[in-house]
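*Asks:* Pasting the feature list from TrEMBL:
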type: TRANSMEM; residues: 21-40; note: transmembrane segment
type: TRANSMEM; residues: 46-66; note: transmembrane segment
type: BINDING; residues: E105; note: UDP-alpha-D-glucose binding site
type: BINDING; residues: K258, D282; note: Mn(2+) binding site
type: TRANSMEM; residues: 545-565; note: transmembrane segment
type: TRANSMEM; residues: 586-608; note: transmembrane segment
type: TRANSMEM; residues: 638-662; note: transmembrane segment
type: TRANSMEM; residues: 674-693; note: transmembrane segment
type: TRANSMEM; residues: 705-723; note: transmembrane segment
Amino acid sequence: MANQSSLPLYERVNLRNRKHLAVELLLLFFLFSLLTYHLLSLKQYGIPALLAFLCESFFTFIWILVLNIKWNQIKYVEYPDRLLKRKTELPAVDMFVTTADAGIEPPILTMNTVLSLLAVDYPVGKLTCYLSDESASPLTYYALVETSKFAKIWLPFCKKYDISTRAPFRYFAITSSKPSQENSPEFQQEQKMVKDNYEMLCQKIEDASKTHAPCNDFPEMDKNNHPAIVKIITEEEGVPCLVYISREKRPKKPSHFKAGAMNALTRVSGLITNAPFLLNVDCDMYVNNPQVVLHAMCLFLGVGNERDCAYVQFPQEFYDGIKDDPLGNQYVVLVKFVGHGLAGIQGPMYTGTNCFLRRKVIYGISPDQKITTGELSDPDLQRKFGESSPLKESVAHILLPSISSKGGSSSFVEAAHRVAGCDYEHGTCWGTEDVLTGLGIHRKGWKSMYCTTDPVSFQGCAPTTGPDTMIQAKRWATGFLEILFSSMSPISATIHGKLQFRQCLAYLWIMSWSLRSIPELVYSLLPAYCIISGSHFLPKVYEPAILIPVAVFLIFNIHTLSEYLKIGLSARAWWNNQRITRINCTSSWLFAIFTIFLKFIGLSQSAFDVTAKNPSINDDKDMKNKDCSKFTFSESLIFLPGTTILLVNLTALTIGMVRLLVTTPHSNEAGIGELLCSLWAVLYFWIFLKGLFGKGKYGIPSSTIVKSGVLALLFTQFCIWSTNA
């Protein structure tokens, strides 16, 4: 029998599906055939054929990028039990939780995330949890202090009975995580005691939210104008160390939003604990698999070369998902296929949450860089990491472990306040967050790894309203587009850095989301234009060439549907995701372009839109599904394009049907192909049609309808004018 210490900590499994790959290549062939048809019909059909050619050229390019990602899908299978045999080798981990606004992100939700992190299956003495509070909320601090007291009850209970779900609000809301000892009188008594204490914690936080939190540790202050706050909540045996941080904020001083918070967390934790590995999660992403740290360490410690694992990215998955995903924001298929596809190239992108990182990678080290004592001279460290001597010592220890580090949490609290100041980063090399961080890491030649577990490692709450979903999509697309046109673009990283070509294409796929909005918008209006103006861009139904667009339509939809069915989702879930993708393309992603344009010409500044978190604390899932499955609207202009597209296509369908009834067969009037495309567009925007007749938040505001009506009328007049021109 093999020695447990010599067995591999993980295995790499190839997931390539040759049948799916053949279908995707077949679709690519028909896409090129369609482009060829449009080129040949330019003289006959003119401008409509040219527009169709340009749009479909972009769609073909996107499909090539998708093929590149899905070409070689892999997954990793970890063996945490083998790692436990080597317990003395387990490194320390600093865990970061970030919250932006206690009013939008309920403190009880954040506290559940903290508790789930404190309770993971890992040596307590090697864990430290840091909470970054961007709003300097006394309520959040008070909630954290009370949570630290409850943790002394919650952690022993979870470990004693091997509770699998270690976020209390989820554990008490579901029954699947109850252990086999649930019939034991001792267990029932302890469970009741723990539940009573948790309900007491919730009540304390709720009461404090209605008044001023009973917190004398720091006075009430302006969330945008306050000094740095660093407080060690607990350092007791049996519970991981818990630290509260709120970095300094001053008016007219750039905060860099979440990126600035992550930088402050990295610096402060470097002074207090300086663990070689970091974990960062959003405040709503609780640990669903208590062995998550062990799974990550299997990959970090199991690789033959550090360069193959700069960070381990876990997918974002969501609890209590609304049946059939009517808002299209659970991204199950995206996580399944794209995540494993990226794992087969240079690794997944860093998503800003659910990620373990090597601290040395965050400090900007290249995988081939050999650090010497001479390179750690004080001027070099100061240029990169700032003026704090204790911080420079901690950085030097991480980059070259032979250099001693003067540890001790309490002794560094004063220095921690300094490195959490709003001016500390000025003139240094402290970086940015999210996808740009991952891109910078890959640019240096590092690889990353993608980890999926059963049960899933992290779960969060997805937006539950139409406006929140679209604002989230706009925020992501804006960030991606900003990177695409920056000096740190994937193309630059490939030419001047060590980003692999296929990884560059993968980054281009996600960063071109916003650009996709223009051809999507044109293509959604092109059939209507042709119907109203009496022109064409598709073959007639009696022409053999009609088989080309029909083949593209059928292969794409059947193939994407099969991906949903393969992982146990319904056809309705597939349809919901298809239509929300079209809506986001022509609305959220379009507004992302406007945002970047306004910023470029100096008429707008960057802003971070925090998505409201609405955790499901109660058990009434049926009521939640019934309420959230209805798409909601608001006064936002983001709903203007979708409403306009609907009205234009309804107008075109009406005109086209009338013409079909009064014209002879094979006439050059409205084509059947264009009519079907226009009908398909109406089906995509069906929720907007329902919104025209909805009431309250389920209806499109009258001001939006009026604006869209005017735009639709102008578009119709333009079509008529172009016919007579």
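Placed from the backbone N, Cα and C atoms, the Cβ positions cover glycine too.
Just so you know, TrEMBL annotations are computer predictions that nobody has curated.
Could you place these features in context, so I can see how deep they sit and what lies close by?
*Replies:* Within the chain carrying the transmembrane segment (21-40), a Cβ under 8 angstroms from the stretch's Cβ atoms is held by residues 49-50, 52-53, 56-57, 59-60, 63-64, 66-67, 70-71, 537, 539, 545, 548-549, 551-552, 555-556, 559, all 6 or more beyond its ends.
DSSP assigns K258 (Mn(2+) binding site) to a helix.
Residues 20, 23-24, 26-27, 30-31, 33-34, 37, 333, 336-337, 538-539, 571, 573-574, 577-578, 673 of the same chain, all 6+ positions outside the transmembrane segment (545-565), place their C-beta atoms under 8 angstroms from a C-beta of that stretch.
Long-range neighbours of the transmembrane segment (638-662) within the same chain, counting only residues 6 or more positions beyond its ends whose Cβ lies under 8 Å from a Cβ of the stretch, are 466-467, 470-471, 474, 521, 524-525, 527-529, 531-532, 583, 586-588, 590-591, 669-670, 674-675, 678-679, 681-682, 685, 688-689, 691-692, 700-701, 704-705, 707-709, 711-712, 715-716.
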*Asks:* Measure from the CA atom of E105 (UDP-alpha-D-glucose binding site) to the CA atom of D282 (Mn(2+) binding site) and give the result in Å, rounded to a whole number.
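*Replies:* That separation, Cα to Cα, works out to 10 Å.
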*Asks:* Taking residues 6+ outside the transmembrane segment (705-723), which of them lie with a CB under 8 Å of any CB in it?
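*Replies:* Those are 525, 528-529, 532-535, 640, 643-644, 646-648, 651, 692, in sequence order.
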*Asks:* Measuring Cα to Cα, how many angstrom lie between E105 (UDP-alpha-D-glucose binding site) and K258 (Mn(2+) binding site)?
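*Replies:* Given the Cα positions, E105 (UDP-alpha-D-glucose binding site) is 14 Å from K258 (Mn(2+) binding site).
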*Asks:* When a 10 Å sphere is centred on the Cβ of D282 (Mn(2+) binding site), how many other Cβ atoms does it contain?
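*Replies:* Looking across every protein chain shown, the total is 25.
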